[in-house]
Amino acid sequence: MQTITSVAELRQVVGLARKAGKRVGLVPTMGYLHEGHLALAEASRKQCDVTVVSIFVNPTQFGANEDLSTYPRDFQRDERLCRDAGVAIVFAPDNKEVYPEGFETFVEPGELAKPLCGGFRPGHFRGVATVVCKLFNMVQPDAAFFGQKDFQQCAVVRRMTKDLNLPVEVVTLPTVREPDGLAMSSRNRYLNEQERQRAVAISRALLAAQDEFRSGSRDVRNLIAIAEKHLKPLDKLQYLELVDSETLEPAESPLKRSATLCVAAYIGSTRLIDNMTMDLPVSIGEGAG
Ligand code: PAF
């Protein structure tokens, strides 16, 4: 495994692989890797010949009062996990390499970036879209792998890739969860023992709503109310919304299209997000022809 910090060297190494006809996969991360990231690397390894994991805590996606300075970092551990996972290249640029002096061009996502997290983290998806676009240009992968836990991020990145004609296949993989259901996240590390126990309320709420949906309920208010009952152990609910899985607009009752229940909540000072998609069974005849 190679660790590369400069775009010039990365281009050279990846360029040679591409010339040799190899398919290149990118797993963009901010480090402090967990099983979720490793599942993305594993998928990339299966679908591509060369897997690049980027590790860069991107300052432009953090708001002024957010956790940029305290975001968990452990580069040596990340390198070891990547090596064990069969990753070919760790790309770990510093801030100056990604945002050199004079940098002033951003990617501005549209409507998909406005609801949910977009309403509470102004500029967040602008920062995400910008850095992902830059990483796509730096690495020039054939495919890039993202986790469904960041549901809105996946939607924004897919839209950007399409709108800007970026020749990258965006692959989304299911959320990886702890045995009790908590979605894996680097930010789980902020939770003390008591907070960690309460955090499971998030996935319980989503699962309760999904059970209700599977039992036949298609009523948006009912599904949200079922979830809400389970969220009492959390300190502050930022949003709990059932949205159309494609447009991210509020879902309408009765549900007729795939919808995703999304939640953002604080436990102590830690903000966690999670979501669960409710897919309607395809009825006979649908999709035929
Ligand atoms: O999901 C993340 O870790 C980040 O938002 C990403 C995609 C690496 C961009 O900084």
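Every residue gets a Cβ built from N, Cα and C, even glycine.
What you are looking at is a predicted structure, and each value in this text was computed from that prediction instead of being measured.
Secondary structure at His37 (active site, proton donor), taken from DSSP and collapsed to helix, strand or coil, is helix. Note on His37 (active site, proton donor): other Cβ atoms within 10 Å of its Cβ, all shown chains, come to 26. Annotation source TrEMBL lists active site, proton donor at His37.
Residues or ranges marked as ATP binding site by TrEMBL: 30-37, 147-150, Val176, 184-187. Mapped onto three states, the DSSP output places Met30 (ATP binding site) in coil.
Around the Cβ of Gln61 (beta-alanine binding site), 21 further Cβ atoms fall within 10 Å across all displayed protein chains. In the three-state DSSP scheme, Gln61 (beta-alanine binding site) falls into the helix class. Taken from TrEMBL, the feature beta-alanine binding site applies to Gln61.
Sequence annotations record features per position, and here TrEMBL assigns (R)-pantoate binding site to Gln61, Gln153. Within the same chain, residues at least 6 positions away in sequence whose Cβ sits under 8 Å from that of Gln153 ((R)-pantoate binding site) are Phe125, Val128, Phe146.
Counting every protein chain shown, 19 other Cβ atoms lie within 10 Å of the Cβ of Gln148 (ATP binding site).
Spacing of Ser186 (ATP binding site) relative to Gln61 (beta-alanine binding site) is 16 Å (Cα to Cα, whole number).
In the shown protein chains, 24 other C-beta atoms lie within 10 A of the C-beta of Leu33 (ATP binding site). Cβ neighbours within 10 Å of Ser186 (ATP binding site), excluding its own Cβ and spanning all shown chains: 19. A sphere of 10 angstroms centred on the C-beta of Gly36 (ATP binding site) encloses 21 other C-beta atoms.
Counting only same-chain residues at least 6 apart in sequence, those with a Cβ under 8 Å from the Cβ of Val176 (ATP binding site) are His34, Glu35, Gly36, Ala39, Gly147, Lys149, Ala183, Met184.
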